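Enquirer: What TrEMBL shows for this protein is this:
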- A:26-92: domain 'ATPase F1/V1/A1 complex alpha/beta subunit N-terminal' (DOMAIN)
- A:149-364: domain 'ATPase F1/V1/A1 complex alpha/beta subunit nucleotide-binding' (DOMAIN)
- A:Gly169, A:Asp170, A:Arg171, A:Lys172, A:Thr173, A:Gly174, A:Lys175, A:Thr176: ATP binding site (BINDING)
- A:Ser362: site 'Required for activity' (SITE)
- A:371-494: domain 'ATP synthase alpha subunit C-terminal' (DOMAIN)
Amino acid sequence: MSIKTEEISSLIKEQLKNYKNELSVDEVGTVTYVGDGIARANGLENAMASELLEFQGGTFGVAKNLESDEVGIIILGNYDKIREGDTVKRTGRIMEVPVGEAMIGRVVNALGQPVDGLGEVKTDKTRPIESPAPGVMQRKSVFEPLQTGLKSVDALVPIGRGQRELIIGDRKTGKTSIAIDTILNQKDQDMICIYVAIGQKESTIRAQVETLRKHGAMDYTIVVEAGPSQPAPMLYFAPYAGAAMGEYFMYNGKHVLIVYDDLSKQANAYREISLLLRTPPGREAYPGDVFYLHSRLLERAAKLSDDLGGGSMTALPIVETQAGDVSAYIPTNVISITDGQIFLSSDLFHSGTRPAIDAGTSVSRVGGDAQIKAMKKVAGTLRLDLSSYRELESFAQFGSDLDEATKAKLDRGRRTVEVLKQPVHSPVAVQKQVLILFALTRGFLDKIEVEDIKEFETSLSEYFDANHPDLLQTIKDKGTLPDEDQFKSAVNEFTENFLASKSDSKQTK
Amino acid sequence: MKLSKEQVGKRYSKALYEVAEEQKSVDEMLEDLKSLKKVYEENPSLSFALAGRSISRTEKLKILDTLKNQFGELMQDFLSLVFDNNRMDCIIEIADAFIKKYDEVNGIVEATVTTTVDLDEAQASNLESVIKKRFSVNKVNLTKIVDSTIIGGVIIRVGDQVVDGSVVKRFNDIKKTLLVNN
């Protein structure tokens, strides 16, 4: 097809007609200092906090510190072309990022520009990156469950839509895997996921995006990335940009899951910027407003009231600890802001319990309301089983004679731990979770050898798919446990067959 | 924390202005400071020589004497004070702050006008009257800059305010509208 030049020129003419030749009156300042990602400028007396400023060369910045005769500016993007003596102009706007349906499936940077090489993002909607969180009357208490597909999370620390659940642990304990698995499990759940990677290695992000793509999760996911090679302001702004993209969907009545991976790196970037801008350092050299940095971000996650469309934004912030120290500054801050935490222990991880969730210290403050009834019934005693097992475990290592009750507790505990183990990227549907936990808590598993449990679980779910799909459907649709006797007899029937086949294979050996 | 040069300039000029006001020699001071600033700007090495460590104090005093001989008594005293306080590198900032203060009190603005061709008297006075009206001031000190890169039109800068009527700016605006819409 040949390009119609006439059409194009008439289009341009039309646009030029709209161009108004107006004298512009701007307020400018002069750059007096340029440093790593920041600048200071004289003048700009009427500049407002967080206002977008434009440098001479076209680079943008955000006013952060407003002092008596200086303005501290965070530079967005390239700062190697900015020189001392350059002019900075006020724009009267605040920073915005593109939002909308077109963002889904894309990998963008903190400014919303695509970095996946798939061309420009075709959207004309934008949202300011900082916006006030929903107030008291705009919210509703969390009641719908968000299924992570992880047995240990859904059973022990259930997460509801609109909740903020912190994932915390040392390096290499599987924090990101929990978040990615949760995203994978949102397939066909009418959820939009946003994965904000802050300071993650570019190669890791690449691998994560590939995982998401392979499992078909990129169809409903936006990835916002700010790599470690980018200037600190990008790392600082990335979570807010992600939150703005999520808010757009939330206020349109949709459900959003947003993962901030991880906030300790964002705090480090913010510390760098603040120190360069000469904000007085406080504990661990973080500036005084580092708490507000995270609280204003996490408060934007909410379950909206029905008047506002009933949308929700669930946040899964991730914080990395050093040597399990949760009493460091950033972990304590974020723990106090969130509605609970999933604590990952490196000891458990190395002993093969994966996901390495520490049941004793992990809690969910609102999730209980959001658990389906069936799950509540089967998982009720789980936490108790686990904690008494952990308590007895060390005691039993001495090998002394144990009474029957203690032995039973230990056996149950060992099986519980085994059932909660789950390989990465293999989420389990909620009805299947209920099924295996039912078998566990009603004592059917006590007769099965610990090493056979994995096999038992897969065969059990296959057996139910083939012979009792109605029972599974009841759990899925109604959320309640089916008739207990019927359910029990079905599980019992399978267990006996399983045990019989096991003893057969033993004898043939 | 070390004071910035601007802060030093503000403090010294405020003190000097108040003393000059008492002695009713503000205008004289202004002229002195302007010429001093000119000397500094014409000889960039002067600031280094007087404030640095490269020459001895007695040598510095000699230079200072020749420098201050041409000024009145108050200015001489002031220079000695600044020298004793090791602030000779801030003279330009002090002068700037003094001029700013003087302008503020007397309703004068410093305006920079950038054009492609040199303005004649009539054009300049016309511009001045426009600026006077627009910023409601009594007097305008016009600094003219000729810069052919703006292609045409005028850019007027008064303090922090810039009125941009250059052709280059219009071209950029058109470029932006076309880029955003397509």
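Yeah, the Cβs are placed from backbone N, Cα and C, and that goes for glycine too.
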Enquirer: Can you list the residues of the same chain, besides A:Gly169, A:Asp170, A:Arg171, A:Lys172, A:Thr173, A:Gly174, A:Lys175, A:Thr176, whose Cβ falls within 8 Å of the ATP site's Cβ centroid?
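Expert: The answer, listed by sequence position, is A:Glu320, A:Leu344, A:Ser346, A:Phe349, A:Ala356.
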Enquirer: Could you tell me the mean pLDDT the prediction assigns to the domain 'ATP synthase alpha subunit C-terminal' (A:371-494)?
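Expert: Over the domain 'ATP synthase alpha subunit C-terminal' (A:371-494), the predicted model scores a mean pLDDT of 89.
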Enquirer: Compile a sequence-ordered list of residues in the same chain as A:Lys175 (ATP binding site), six or more apart from it, whose Cβ lies below 8 A from its Cβ; state 'none' when nothing qualifies.
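Expert: A:Lys175 (ATP binding site) has long-range Cβ partners A:Ile167, A:Ile168, A:Gly169, A:Asp261, A:Asp262, A:Ile318, A:Glu320, A:Leu344.
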Enquirer: Counting other CB atoms within 10 A of each CB, which of the binding-site residues A:Gly169, A:Gly174 comes out lowest?
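Expert: Fewest other Cβ atoms within 10 Å, among the binding-site residues A:Gly169, A:Gly174, is found for A:Gly174.
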Enquirer: Measuring Cα to Cα, tell me the gap between A:Ser362 (site 'Required for activity') and A:Asp170 (ATP binding site) in whole angstrom.
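Expert: Roughly 14 Å, rounded to the nearest whole number.
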Enquirer: Just give the helix, strand and coil counts over the domain 'ATP synthase alpha subunit C-terminal' (A:371-494), going by DSSP.
Expert: 94 helix, 0 strand, 30 coil
Enquirer: Could you check what DSSP calls A:Gly169 (ATP binding site) once collapsed to helix, strand or coil?
Expert: strand
Enquirer: Tell me the Cβ contacts of A:Arg171 (ATP binding site) under 8 Å, same chain only and six or more apart in sequence, or just say none.
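Expert: Sequence-distant Cβ neighbours: A:Glu320.
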Enquirer: Mind telling me which of the binding-site residues A:Thr173, A:Thr176 has the densest Cβ neighbourhood, counting other Cβ atoms within 10 Å?
Expert: A:Thr173
Enquirer: Of all the recorded positions given, A:Asp170, A:Lys172, A:Ser362, which residue's CB has the most CB neighbours within 10 A?
Expert: A:Ser362
